[in-house]
Amino acid sequence: MASPRRKQQQHGDGDGDDDSYSFRYLSGLGNSFTSEAVPGSLPGAQNSPLVCPLGLYAEQLSGTPFTAPRARNLRTWLYRIKPSVTHEPFHPCQPAHRRLIGEFDRTTTVATPTQLRWAPADVPQAPPLDFIDGLYTVCGAGSSFLRHGYAVHMYAANKSMDGCAFCNADGDFLIVPQQGKLLVTTECGKLLVPPGEIVVIPQGFRFAVDLPDGPSRGYVSEIFGTHFQLPDLGPIGANGLASARDFLSPTAWFEQAHRPGYTIVQKYGGELFTATQDFSPFNVVAWHGNYVPYKYDLSKFCPFNTVLFDHADPSVNTVLTAPTDKPGVALLDFVIFPPRWLVAENTFRPPYYHRNCMSEFMGLIYGIYEAKADGFLPGGASLHSCMTPHGPDTKTYEVNHANLIQRNPLSIYLPG
Ligand SMILES: O=C(O)Cc1cc(O)ccc1O
Ligand SMILES: [Fe+2]
């Protein structure tokens, strides 16, 4: 229960009920939104008036260069109680974190073409680890400084972030909780993200992760120098896969309390830096723009696949893509294998054996992955680097062939 003092200083969506933030979301991906926690706090006619309503400070957060083409231009105007710049200087985080990588070169990282698989990480009971403490890099490529590349991290946390906020100057985070719900407070408001949903925190947003249901673990993909967008649908048509309206952004929420010693943890070049300030960064009373955090419920994904024979490439399951300048070449695709009916005939159902010019990192949120009968567990992971051969394990292959032989005796190949 919030104290009366807190009640006075925390503000929801302007509906007069400041105590319970109602998790009202704004629907749509790529929209230009407006949101105000106090009616009248958003300047009407301009972005940066000499005097903002309620004496707020106007601050622009740019997600693309000012001059990016209009269709790709991302920025949001934040109207806050104190400007973000009013903090003490940044210093390297003490003690050093040392589990994150932002530059993937041969002096700091190793590369192997071997197929790799990781068992699920135990979520430790002790010591206390928040989302930042529990975050570690698994693999990646490129450079955050050169603004081209990506990193895959995993996290295991047992404690809410307290008196601190995280800011990733390197890139966008796409967070996939596999176990344990996340309550993500951002400068635009709050998002509740249970396993089965994902949340994207674009580069530069300050955010804090609370664990309302206890420990949490999951996956994070990070992209440098670009942002996620919906994939083109080609011959699928105007509808299907992830639908823009199912992406949800928060509504304005702020806290006004004096918070001496509040810490901003900034990731820059894969290194962590801290700066203190005497106020919460979640002091944005109103905002407008199209550069926003958002979440998406993966069960809303509308899968498409083959209906007669052969196996569609996994790109047909792309939820979000981070493009490069080369047509059809993604920096990183976020792809899911959701529950779906498999109706084709005379087709070996699990993924074909293959070698790919793209590297493939996989995690498992729940269930059994159809290509791996054994050993690939929820919370675990696998990595098949580019051109490394992979495909169904032997048990899966044999079971599927046995099934095909029984079901469709005309279509099989009989060894021996
Ligand atoms: O390797 C994997 O399991 C992922 C995958 C799935 C699929 O259906 C086709 C190709 C592919 O890489
Ligand atoms: Fe693959």
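Placed from the backbone N, Cα and C atoms, the Cβ positions cover glycine too.
From a predicted model like this one, the values you see are computed outputs, not experimental measurements.
Under the three-state DSSP scheme, His311 (active site, proton acceptor) falls in the coil class. For His311 (active site, proton acceptor), the same-chain residues 6+ apart in sequence whose C-beta sits under 8 angstroms from its C-beta are Ala344, Thr347, Phe348, Arg349, Pro351, Tyr352. As annotated by TrEMBL, active site, proton acceptor applies to His311.
Annotation for Glu360 (Fe cation binding site): spatial neighbours Ser382, Leu383, His384, His390, criterion Cβ-Cβ under 8 Å with sequence separation of six or more. Annotation comment: TrEMBL describes His354, Glu360, His390 as Fe cation binding site.
Residues or ranges marked as homogentisate binding site in TrEMBL: Tyr369, His390. Of all the Cβ atoms in the protein chains shown, 19 others lie within 10 Å of the Cβ of Tyr369 (homogentisate binding site).
The annotation domain 'Homogentisate 1,2-dioxygenase N-terminal' is assigned in TrEMBL to 24-298.
Taken as a whole, the domain 'Homogentisate 1,2-dioxygenase C-terminal' (299-402) shows an average pLDDT of 92 in this prediction. The annotation domain 'Homogentisate 1,2-dioxygenase C-terminal' is assigned in TrEMBL to 299-402.
Annotation source TrEMBL lists region 'Disordered' at 1-21.
Across the structure, Tyr369 (homogentisate binding site) and His354 (Fe cation binding site) are spaced 17 Å apart at their Cα atoms. Taking the Cβ of His354 (Fe cation binding site) as reference, residues of its chain lying under 8 Å away and at least six apart in sequence are, in sequence order, Pro389, His390, Gly391. A 10 Å cutoff on Cβ-Cβ distances gives His390 (Fe cation binding site) a total of 18 other Cβ atoms nearby, all chains included.
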